[in-house]
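Q: Here you go, one structure.
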């Protein structure tokens, strides 16, 4: 008893939680607590009415404890600063050892700071062999181009189709989303119309317009996952509508000043294209708090698709444009006051899809890596300034850029990643070092330009990742201590072919746009949550298994 009385008072507690034995990758958690009795807390306790009378001796003991704590903390600055240092070290360890994304989600139903809401959409990898054949890969980065009058639908034909559409019934068949074969482009389900009908749309941060294949009538459409969208007369957007002015702002001349429809053409970086007319209809949404709502949105009624787009539309119905343009879906919903203009997507590294959210309620509030969003050279794309890029410990030259700086475009609509010519050649040269008896090039595999054959059929990248080094992209500053880095492991640039070979998912981007930017496609965006904050003009990321957002307590000391 005497020893207990003379022992120093407890000033803090550190709790170390070890990872589960069956999954050590979760890392350990270090949490530190300090004992304090702030005046504010004391005042709150004094103002609370006592629930029951306390013995006099207990009050005396409490007073002694308070005096002891005050002497220990408030009158010993060294101890205070020492504990603060320990706390910061513990927080640093906690952040560095935790392997999975930790989300702190605000409760939508109780968040009164903003009237805006958010909603989450599940993502699915596209069925089929999109990752097993070069003929099916996509490079979106769509842009509106000048009209070619001969390819546009005659206005009289569209009018006849719109009149006939009113006679259709409202029955809809919902296909089973099964047999997901391999990793590929990711799509989500949107419900459009009244009554609402489902449509599978590729998520594309590199395109402006959301469009759905439609029967206006259709000149060239793929079979798709669902019946074609049927527009009505009331759905058509007139040429003088502000959104029509936006999609036609780069035209050399007006195509039809007296038309009752707004024509457009989009050309993608892979030379595929989509032609259609602008329409307006109700979009059915389920907010994060469970509330159902609907908004009228403008989108493309696409009746003529050409190029590789037709191949990738075999199991989808169109494209969900998520860029910064005013006509993109997030911008439209933000203009309605429904959400804040923030987009987030998380693509899983396996075949189970991921999720997409619009709005800022599901943005992690700490441990995110953030970089500033560039406005040039591509105003509507999500891009950031790249200072350095390394493969392992060796730097890759970025090419003909100003002051050694490059541009990185984040494009969820592209299958693979594209480097500038100089960076690509430097990477290929470095990869020559991995040739060995265990992993040799296989020129007979034409899945991608470079494939390697192992002594055994490769089933996962884990089996060969020891032959490759990670990519490190450094943003913001050449100095490591103040820069922001994006780490891309071997899984972020390798894929497996049907022959069981491992192939390089980084391609030469010399002919993509002007060839000056590095484009990160789906293969490099997987395994991390990416957030595009158009309100604060910044882009962020954090590692994640992308199963679902999880609500957890706040980090230590906050």
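Note that the numbers count up from 1, one per residue, in the order the chain is shown.
Including glycine, each Cβ sits where the backbone N, Cα and C put it.
Quick paste from TrEMBL:
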type	residues	note
REGION	1-59	region 'Disordered'
COMPBIAS	26-41	compositional bias 'Polar residues'
DOMAIN	186-542	domain 'Peptidase A1'
ACT_SITE	204	active site
ACT_SITE	411	active site
Q: Which whole-number value in Å describes the distance between the Cα atoms of residue 204 (active site) and residue 411 (active site)?
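A: With the alpha carbons as reference points, the distance is 7 Å.
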Q: So what's the average pLDDT for the domain 'Peptidase A1' (186-542)?
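A: Averaging the confidence scores along the domain 'Peptidase A1' (186-542) gives 89.
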Q: Just to be sure I understand the packing, how many Cβ atoms besides its own are within 10 Å of the Cβ of residue 204 (active site)?
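A: Residue 204 (active site): 28 neighbouring Cβ atoms within 10 Å.
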Q: Counting across all protein chains shown, how many other Cβ atoms sit within 10 Å of the Cβ of residue 411 (active site)?
A: 30
